[in-house]
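*Asks:* One structure, pasted below without further comment.
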Amino acid sequence: VRGGTDCMDASELSVGVIILFQTMIGVLANSSLLYHYMFLYLTRDRLRSTDWILMHLIAANILTVLFKGIPQTIAAFGLKDFLNDIGCKLIFSFRRIGRGVCIGSTSFLSVYQAIMISPRDSRHSELKLKMHKCIGYSVYLNWVIHFIISSVNLVHMRAKYSNESTTNLKSFIYCYAVRHDPTSDILYAALVSSPDILLLGLMLYASGFMVLTLYRHKQRMQQMPRMNVSSKSTPASRATKTILLLVSIFVSCYTISTICQLLATLMHNPSWSLANVAAMSSLVFPTVCPFLLMSHDSRASSFCLPLKRNISPKPLAKS
């Protein structure tokens, strides 16, 4: 028994270190990038639509990292009942908002890029003139929808007190949810997941369209005489490939996290390992995202990583 307890303590400590590392890197990287886009917002008359979407995506990343990473790290280091009712309600609500806005922003980013690289004679050409206004409304509506959905957590989530029975409570390591019948759990999972599934489908459709557009463009370039074809990829092509890579990482992490969260919602008492796998997978994208954006945006990388100016003698071309 003692050996099993020691093993459990070692695994909890390992998980705590991993999540702490993800949280620290995620907060620092996203905060630096958000400062960069806020600087652009305050010093320019008008942001590019992609910058506007990325600013909200990074804000959602910060919410996810803070309200997922910090409580999970504290719990992994052995302190379980450290929140009161208000703390549990707020943490799960803001976590839900961050996750939803992250999904929406990534979806809007892929849709915007898909429309912008579409051929001029396609049915999407008319949307290009209206995209900036549509994106602004969509981003704000996404925040409002997920604020409303997250309000469910204000009712169901709560803390556990030392002298209280857990018979009617479902444990989520450091907070508890009021237990309901299986039908109510399924309805709750459907309510929470339906906007995300819609946005994910939109994201995958736009990504498929971008892949097809890039493939057709490459075929046209191969058919042209070599004298007229440049070996360098265009800024639009580089931006599209960056967004496709971003979407690929997001979908992979989101799939793992969603499966774990659905299992936790439907299970009578979610296991410790399931909760930690869900936490670590949900923190991968917010941690990796800012580095991916900085590596493909010379403005962001030179602003957030000033040492890079001394390493490379010439600045990169704007994408």
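Residue positions begin at 1 at the first shown residue.
Cβ atoms here come from the backbone N, Cα and C positions, even for glycine.
Those TrEMBL annotations? Automatic predictions, nothing curated.
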*Asks:* Among the residue ranges 78-96, 97-115, I'd like the one that TrEMBL describes as transmembrane segment.
*Replies:* 97-115
*Asks:* Residues of the same chain, at least six outside the transmembrane segment (272-293), with any C-beta under 8 angstroms of its C-beta?
*Replies:* 12, 15, 18-19, 22-23, 25-26, 29-30, 32-33, 54, 57-58, 61-62, 64-65, 68-69, 72, 76, 99, 102, 172-173, 242, 245-246, 249-250, 253-254, 256-257, 260-261, 263-264, 300
*Asks:* Looking at the transmembrane segment (97-115) and the transmembrane segment (18-40), are there 3+ C-beta pairs under 8 A, with each pair at least 6 apart in sequence?
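*Replies:* Answer no: the transmembrane segment (97-115) and the transmembrane segment (18-40) share fewer than 3 Cβ pairs below 8 Å.
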*Asks:* Quickly jot the same-chain residues contacting the transmembrane segment (18-40) by Cβ under 8 Å, restricted to those at least six beyond its ends, or write none.
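*Replies:* Tertiary neighbours of the transmembrane segment (18-40) are 47, 51, 54-55, 58-59, 61-62, 65-66, 69-70, 72-73, 76, 276, 279-280, 283-284, 286-287, 289-291, 293-294, 299-300, 303-304.
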